[in-house]
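Working notes for the structure below.
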Amino acid sequence: MLDIKRIRNNLDEIKAAMARRGEKDFDLDAVVALDEKRRELLQQVELMKNEQNTVSKEVPKLKKEGKDATEVMARMKELSGKIKELDGQVKEVEDQLEYTLLRIPNVPHPDVPQGETDDDNIEVRKWSEPTHFDFEPKAHWDIATDLGIIDFEAASKITGARFALYKGVGARLERALINFMLDLHIEEHGYTEVLPPFMVNRSSMTGTGQLPKFEEDAFKLPQKDYFLVPTAEVPVTNMHRDEIIEGANLPLSYVAYTPCFRSEAGSAGRDTRGLIRQHQFNKVELVKFVKPEDSYAELEKLTNNAEKVLQLLEIPYRIVRICTGDLGFTAAFKYDIEVWMPSYNRYVEISSCSNFEDFQARRANIRYRPEEKGKVEFLHTLNGSGLAVGRTVAAILENCQDDEGNVKIPEALIPYMRGIKVITK
């Protein structure tokens, strides 16, 4: 959520930032007008309360002097009624203001490239060269089906489209990747492991920005008003909702494995086969709470931590800087890590690493106290996939296949596969 003072004092700047995003869904002038109305009402309430205090002191004084206090008491009653009425108006205006502020996206960082779609994202760097074969590479869903390690038909029968049923070596591969990623981030990168609930409440979804704007994208349990987690970012960030963290303890770095659940409401017809776009998938998530002055340096570290997974698996990838039109609602700046997929003959996103600055912290009321014991401030939050597990399985199947349909296990993963080096029929 944006600071209303920032909008009020830098209205033209915020309008320009929203224009960069291509946002036209709200009227910032109306937001400022609501804020002005709120402040006017609060001023009226304050004046009346001051008068009420003054008048209340006259009553005992008049009674002590034996004078009639009826008129003064009537004024007190009148003021009390007006204050109550104004308090109701203040609450109504504040609710309207919060409703609007919760729907305004984050301001893009000046270094975010201008653009409308993912075609306008800018490549920052590449690691290794794209994998090429002297045979026609198979798509990962065909490899998995032929090897008998993922059964898409059974998953569709059990549930529906966009689900996968892993079995045998396929299930072991998925589990091996989860453990490999967790161990790397905990033991090598210094993250603290968290195993959070897989369901969250409405306040948690609002705190990280999924609600209220994107409720249709979430899986909801209406009987409890709970939501299945779309990403571990939601429960892990909300661990510190309504808390003040000592500055000396920052940064806080967490890693969490969870299944993730997404309706993919806007993805009809896209990636309908395979593991790229599922309603349920596993993911290892990295979340950081940092001081504002450190947040962009910490974003570089987080991105490096995420890409290290692919380096150790020896899978080609690239890093792209996301443009304004592809940035998403909550991020001020974002990198995508895109893995090379031979059957697609292109790079496919496997991780997004974002700096939200104080956007989520304001929504979730997460603050820190500087070491010099100054005024508490909102901290910055970061997160990134480290990595999406199903997409990593897909990348291994496609990049490590041979002309006979077998798949070689990356060297770093063999200890987690109990010595299995090749998946064969």
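Cβ coordinates are placed from backbone N, Cα and C, and glycine is handled just like the others.
What Swiss-Prot records for the L-serine site is Thr231, Ala232, Glu233, Ser385, and among Glu174, Glu285, Glu293, Glu298 the residue it adds there is Glu285. For the binding-site residues shown (Thr231, Ser263, Ser351, Ser352, Ser385), fewest C-beta neighbours within 10 angstroms: Ser263. In sequence order, the binding-site residues near Ser352 (ATP binding site) (Cα within 10 Å of its Cα) are Ser385, drawn from Thr231, Ala232, Glu233, Ser385.
DSSP assigns Ser352 (ATP binding site) to a strand.
Ser351 (ATP binding site) has its Cα within 10 Å of the Cα of these binding-site residues: Ser385, taken from Thr231, Ala232, Glu233, Ser385.
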